[in-house]
Amino acid sequence: MSIENLKPYFPWITLAVLVLLVGALNPSFLNPASLVQLVADIVPLFIMALGMTFAIYIGGIDLSMQQVANLVTVVATVYLVQYGIFVAFLCIGAGFVIGAASGWITTRQFVPSFVATLAMGFIALSGARFLSGERALSMNADARDASFGWMFGNTVGIPHELVIAGLLLALAWFLQSRTTFGRALKAVGSGELAAVASGLKVDQIKILAFALSGTFAAIAGLMFSVKLSGGDANLANGFLILAIVAVLVGGTPLTGGVGGVINTLVGTLIVVVIRSAMVYLEVDATMQQMIFGVILIVAIAMTIDRSKMRIVK
Amino acid sequence: MATIQTADKAGTWVGIGRETLVKWAPLLVLIVLCGFFAAIEPRFLSTRNFARILIAASPALMVATGVTFVIIMGSIDLSMEGTVSVCAVSFAFCFLWLGGTLASWAWLALPFAMLVGAALGFVNGLIHVKLKIPSFMASLAMGFVGTGLAMVMTGGDRIRIEDELFRSLLTERVLGFPLMVYVAGVFLLIAWFIQTRTTLGRNFYAVGGGEDLAIASGLNVSRVRVLGYTVAGVFFAVGALLAVGRIGIAETATGNDFMFLSVTAVVVGGTALWGGIGGVWNTLVGVLIVFVIGNGMVVIGLPGYVQDGVLGILVILAVILSTDRKSISFVK
Amino acid sequence: MYQLNKVDKKFPGVHALKAVDFKIGRGEIVGLVGENGAGKSTLMKVIYGAYQPDSGTVTIDGKAVRFQNPRQAMDHGIGMVFQEQSLITNLTVMENIFLGFEQQFVRFGVINWTAMAKAARHQLRKVKLDIDPSTVTSKLSFAQRQLVELAKVLTLEERIDGDLVILLDEPTSVLAKEEVELLFSLVRELTSRASFIFVSHRMDEVLELSDRIYVMKDGEVVDVVEHGQANIDAIQHKMVGREVDKQYYREQKQHPYDSGKTLVRFDRVSVAGKYRDVSFDLHPGEVLCLVGTEGSGREAVLRTIFGLERPSTGAVAIKGNPFHRATAQEAVARGVGYVPRERKVEGIVNGMNVYENMTLSQMGKYASHGVLRIREEKALAENWIKRLSIKTPDVYKDCGGLSGGNQQKVVLAKWRSGGSDIFLLDHPTRGLDIGAKEDVYDMIREMCDDGAGIVLVADTLEEAIGLSHTILVLKDGEIQKRFDGSPGGKPSPFDLVHHMI
Amino acid sequence: MSTFIKDFIEKEKISRRNFLFASACGLGSVAAIGALGPGMARAALTDPTIAWSYRNRTNPYWNEIVSGGEAFVQSLGMTKDALTHLINEGSSEKSLADVKAVLAKTGGNLALAIDTNDAPNARPVVEAVAAAGAYVSTLWNKTDDLHPWDFGDNYVSHMSWSDEGPAEQTARILLEAMGGKGGVVHLGGIASNNPAIERLNGLKNALKDYPDVELLAAEPADWDTQKANQVMSAFLTRYGDEITGVHCANDTIAYGVLEALRAEGIEDMPIVSYDGNPQAVQLVAERKILATVFTNPHWGGGITAALAYHAAIGSFKPSEEPNEHREFYGPTIMVRPDDALEFKASYLDSVPTYDWTDFWGPSNGPIVYK
């Protein structure tokens with residue numbers, strides 16, 4: 001029975017074991033300052049994984065997030081001078097609309113989210129390529145510092161990026177566990193038919209979930225764009241798979257209704273620890289990807305809670 | 001081959017039901033697309049161009065056929081990029097080591113590559129079934145391992161396969177189509193045979209239609225699953241061989257882009273991601289739709305930056321048209 | 001022939017089987033009854049090999065056997081016809097019949113479809129079903145599927161030389177009366193070849209069919225009754241462990257309804273392909289029962305009131321207001337509560353706890369600006385757990401882990417606590433044991449007294465008659481006859497059946 | 001031997017000689033700085049970790065770059081393994097995260113050579129390196145407003161290649177081979193990549209002098225063989241016999257184009273490409289490709305690491321170098337059928353042993369911004 005009780009904490013235990021393992025092999029990994037920095041650097045990835053959590057929580061997936069982020073880096077760079085800090089609204093609005101469109105295609109047109117979001121991603125990519133004129137753009141440095149310079153400062157040693165991530169996590173957690181919307185998400189994820197029979201506006205909820213994932217993708221894209229002070233149609237490449245992996249490793253299975261944003265926090269941290277362990281432990285460059293895959297299998301095998309999975313598909 | 005049977009029953013075009021229409025929708029979409037591109041650019045409609053489309057589509061068709069079996073079981077296999085790369089590279093090494101021409105013992109490299117594919121698929125299936133990891137995650141991670149393995153094997157180098165006999169896959173033409181198209185066709189028939197005439201093929205449908213019911217009927221579902229992934233691995237290997245035959249190069253990047261491409265093609269063809277419905281003919285149509293769109297957009301001269309978006313829109317439309325909306329209550 | 005001796009099975013926290021002795025002879029039909037949770041399904045799973053007993057022995061003809069999985073049980077002639085529809089609907093009939101045993105038709109790796117079809121026809125003849133074995137199963141009616149399932153189990157006949165034991169788990173729950181008769185006559189015929197273990201909640205059927213009845217309670221066999229000595233009341237007493245209310249359907253609590261007010265009005269409503277020209281009024285305090293066979297349109301009427309179907313012609317009004325742009329949300333807002341037949345799929349959300357399920361339809365009432373007041377939710381849940389005596393350790397219990405009866409109580413509590421006054425009950429007692437059924441009947445009367453109107457699709461005709469004020473008989477989407485169901489003047493099942501078919 | 005290559009090798013020899021002299025001075029100056037006091041000496045690190053951060057190992061170009069980096073490390077008397085590899089897999093996010101991780105691990109005792117994957121990523125990388133007191137040299141990607149001299153010594157140098165000129169030259173070879181008439185198609189790299197843009201511009205510049213040649217189409221093929229293969233097939237459908245020449249943005253694209261033509265039985269189509277990979281050079285020798293441009297990635301990879309390393313240990317002080325030593329173009333060599341085999345023998349079959357302290361000898365002038 002004790003193992004049963006520990007199950008929810010498996011992701012945390014996995015994380016702790018990994019950190020200690022890497023720390024034991026290379027103690028400089030445990031240096032608090034560099035750990036804080038390590039965590040601060042993955043903030044855009046974490047935000048994207050947060051958004052992905054909403055899509056996966058209702059049993060779907062959002063493969064458009066990376067392209068939404070790409071589009072947003074271009075939008076932010078192009079319109080920063082014109083709109084200043086209000087370009088954020090434009091970016092977030094774009095993410096929301098694209099996400100909502102994915103959701104609409106999935107729920108109302110019965111296109112599986114795997115394909116619907118992939119296709120919406122292509123559309124966003126077209127937009128990014130068109131708007132950027134197929135060039136890498138750089139931000140006007142003055143406008144960037146004036147509008148978003150605060151994002152990358154420090155307060156008492158805590159990077160502001162972490163503060164933003166913390167606030168978004170709190171917001172996402174609050175949405176998930178304290179609001180009618182979050183409850184509805186859970187109902188849709190665990191038992192969509194029962195949610196319909198309880199009179200929930202299931203379609204709207206699903207569309208909103210995808211819109212939220214789009215919104216978070218946009219926030220991630222915006223932060224990344226400001227961080228790199230530029231944008232182009234490929235800038236955010238490489239986020240997507242990692243974000244999915246982070247959510248899954250955290251223990252939110254693709255079947256929906258289980259897990260949540262806190263799991264995603266752990267999942268992201270696990271992924272990042274594995275990734276930086278490659279650097280710290282000086283893993284041979286050609287071996288890295290293979291080892292990443294193997295550790296991933298082990299990590300997922302350890303973290304997922306199989307008790308609610310009747311059939312494993 | 002459920003689709004054909006229904007067609008026979010429908011007989012004439014009079015009184016064709018909604019069900020029949022939905023079943024044939026992917027093919028209709030394909031025909032409409034061809035007609036559309038041909039109307040804008042008549043040169044689209046030529047044997048030579050169809051040969052080009054088929055050359056491009058053959059490797060992807062094999063990969064998509066492999067994953068079709070897994071999707072029919074209601075699972076998914078995302079390991080194809082890694083598996084294709086490893087198979088391509090293993091083939092190339094083995095081929096060169098054994099003499100470098102099909103006229104020697106080096107032909108053994110062909111079955112060897114398929115064996116490697118089967119082995120990778122087998123391991124993939126074992127990890128999924130024995131460790132009880134959902135297939136999405138298990139196969140995604142296995143994909144990383146595969147790509148990584150190909151990298152370790154090549155150290156990042158490309159291996160050229162110059163053998164004229166092997167390259168006749170591309171260069172020899174019969175009736176205007178290169179040999180690789182026929183090879184793909186033969187393997188498609190084998191896949192169809194597996195799907196309709198073997199116990200294993202039918203068991204895929206049983207697992208996809210109702211796994212717990214299949215277990216209760218005494219079916220060894222774990223075995224079917226593992227075998228499904230193994231068969232998929234073999235088809236990935238065939239895809240890898242055709243990919244090498246097409247370009248003459250085996251490398252870690254040989255498997256790139258197959259993942260989203262093949263799953264999209266399968267869904268566009270009308271095979272449902274939740275399992276039990278569809279088959280290899282659907283996949284053929286789906287792959288052709290995707291490649292006709294890709295070829296057609298260049299042929300009619302759409303600007304590059306629009307092409308991604310148009311592909312996205314057309315894929316969504318194709319899936320919408322080929323989905324029986326009345327038969328499903330919700331989709332995730 | 002087949003025997004269980006002192007079989008014991010424990011699960012964490014539950015002693016599911018306590019030294020159960022069970023035997024069945026050649027050609028016997030043995031009934032197995034008990035409340036939900038009494039251990040019937042565990043016992044069956046032990047018999048067909050899905051569970052292995054912790055202690056005790058299983059013997060066939062005196063030889064001890066131990067099955068690791070259902071397949072091994074099958075090899076010893078033990079087959080199971082499942083309660084839920086267990087055919088795989090995307091496969092053909094013959095594939096379902098021979099699922100897992102295709103090897104006999106395989107030559108050089110190729111399935112010989114002609115041979116399989118021939119063999120399948122042979123099996124179908126045993127159950128007197130004349131259909132093309134290459135039909136896709138989803139095209140069959142429920143009754144046909146039930147017979148195909150029986151045919152599938154009967155393949156054991158050819159496969160096994162020895163005796164057969166066939167378990168029938170609630171085989172009649174989806175069948176109409178005459179289909180049940182057909183099934184029973186088949187089973188009796190087949191006793192020449194096989195023994196049957198028959199499990200049902202329908203006591204009359206068990207009595208009718210069985211040679212011997214095992215009564216289970218709390219993991220034990222509390223009584224074994226021979227065919228001639230069986231008495232429904234006595235058995236029920238043993239099962240429940242207390243006196244069953246003579247007034248099973250609580251007719252003494254049935255009060256006249258308030259015909260002055262109308263909750264739901266159907267005025268010549270049609271839904272294309274489902275039903276035509278249906279008109280009725282539902283009044284406060286009234287139980288209106290829709291009776292008909294599967295596919296007669298009774299469920300579609302319920303779904304129309306809940307906004308899941310839109311009328312193609314005619315007018316629906318709820319509490320005097322027209323119900324035009326029908327959606328489920330709109331229906332809920334107007335006080336409609338829906339208790340679906342598929343309780344585990346549509347009734348409760350498996351994976352959410354008790355209080356989350358209870359407030360699911362009315363979250364707005366427990367939230368300010370979208371933020372939930374979870375404390376109040378829990379208070380509500382605790383209150384209703386007490387009121388309906390729902391058996392759950394606490395409000396945090398996952399509803400998927402509750403027993404059927406308690407799940408149904410949670411569903412009812414959801415709507416009642418939300419202030420619904422129009423209830424749509426679709427087979428509300430399906431799969432519940434007697435005690436839980438009685439609780440539901442009590443609740444129905446209670447809700448009527450509170451002024452609610454109830455549209456009911458009942459599990460059995462007796463239930464429909466016993467509970468309702470008004471009965472509408474539907475056939476092929478049209479109302480055939482309206483019966484008044486006031487106490488004392490209730491129609492007989494025969495009166496209804498006459499109009500149903 | 002073509003004059004071009006002769007010139008190049010000659011130039012290299014000279015600069016090597018010059019270098020011996022220069023390095024003597026350089027070392028002397030370091031010693032002098034050391035004597036000036038401890039405050040200045042802070043610039044130097046001892047025994048820094050040497051790292052190369054690049055896109056992936058699946059592309060021959062990057063493998064060449066890495067081999068240069070490894071050759072440099074070996075020239076210091078260490079084994080190949082001493083070079084730390086950071087592979088970003090085409091992800092700017094990973095590129096930056098890896099750099100931060102290695103900075104944290106080494107505590108800033110780092111000499112980093114990097115292609116930041118995407119131009120905007122260069123700024124945060126450079127800022128992070130500078131903040132940690134480590135040294136970085138960049139290759140290819142950076143934004144135009146980012147300059148080494150704005151970061152004191154820590155941002156040592158940036159090397160890129162001006163592709164417009166060489167691409168124009170190959171285009172002229174192609175257009176001549178086409179007889180100055182007909183139709184040409186261009187298959188480009190990832191559209192937003194700078195080299196892709198420049199190489200297309202090179203073609204356009206050359207076309208101005210050939211009014212009878214029409215640019216039929218220019219499509220991105222994403223530096224990818226398979227994509228190039230498909231795009232070329234589609235071009236053949238659209239334009240058929242109108243295509244009389246193909247301009248490829250790099251060698252990997254050319255392979256795909258060649259195979260697409262081979263499938264159609266077209267053997268004599270004039271093609272030019274870029275990068276000078278061994279396989280492409282072989283194809284040039286076989287006259288299947290008319291010309292490619294060798295950018296000497298081996299040297300580029302080695303010298304970028306060398307610059308960062310020597311600045312880090314204080315062999316020279318970047319801030320005292322002129323701007324053209326901090327932003328400069330890499331070398332380019334045109335490879336044509338006549339000299340391809342020679343070129344292959346002297347550069348590819350046996351890689352020349354470069355002097356990794358001759359930082360600017362083979363370089364090609366300061367970077368010019370338009």
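Along the chain as shown, residues are numbered 1 onward.
Heads up, the Cβ atoms here are built off N, Cα and C, so glycines get one too.
Residues annotated as transmembrane segment in TrEMBL: A:12-30 (among others). Tertiary proximity for the transmembrane segment (A:12-30) is limited to same-chain residues at least six positions away from its ends with a CB under 8 Å from its CB atoms, namely 6, 266, 269-270, 273-274, 276-277, 280-281, 299, 302-303.
What TrEMBL records for A:42-60 (among others) is transmembrane segment. Cβ atoms under 8 Å from those of the transmembrane segment (A:42-60) belong to residues 66, 69, 106, 113, 117, 161-162, 164-165, 168-169, 172, 176, 185-186, 188-189, 192, 205-206, 209-210, 212-217, 219-221, 223-224, 227, 239-240, 242-244, 246-248, 250, 252-257, 259-261, 263-265, 267-268, 271-272 of the same chain, restricted to positions at least 6 beyond its ends.
Tertiary neighbourhood of the transmembrane segment (A:80-98): same-chain residues 64, 68, 71-72, 120, 123-124, 139-140, 143-144, 146-148, 211, 214-219, 221-222, selected by CB-CB distance under 8 Å and a gap of 6+ residues from either end. Feature annotation from TrEMBL assigns transmembrane segment to A:80-98 (among others).
Within the same chain, residues 55, 60-68, 70-71, 73-75, 78, 98, 101-102, 210, 232-233 sit at least 6 positions outside the transmembrane segment (A:110-131) and bring their C-beta atoms closer than 8 Å to a C-beta of that stretch. Under the heading transmembrane segment, TrEMBL lists A:110-131 (among others).
The transmembrane segment annotation in TrEMBL covers A:151-175 (among others).
Tertiary proximity for the transmembrane segment (A:207-229) is limited to same-chain residues at least six positions away from its ends with a CB under 8 Å from its CB atoms, namely 43-45, 47-48, 50-52, 54-55, 57-58, 60, 62, 64-66, 68-73, 76-77, 88, 91-92, 94-100, 102-104, 106-107, 113, 117, 138-139, 141, 144, 148, 151-152, 161, 164, 168, 172, 175, 181, 185, 188, 235-236, 239. Sequence annotations record features per position, and here TrEMBL assigns transmembrane segment to A:207-229 (among others).
Long-range contacts of the transmembrane segment (A:235-254) within its own chain (CB-CB distance under 8 A, at least 6 residues past either end) are made by residues 10-11, 44-46, 48-49, 51-53, 56-57, 59, 61, 63, 65-67, 69-70, 73, 136, 220-221, 224-225, 228, 260, 263-268, 270-271, 296, 299-300, 303-305, 309. Here TrEMBL flags A:235-254 (among others) as transmembrane segment.
Annotation source TrEMBL lists transmembrane segment at A:261-281 (among others).
What TrEMBL records for A:287-304 (among others) is transmembrane segment.
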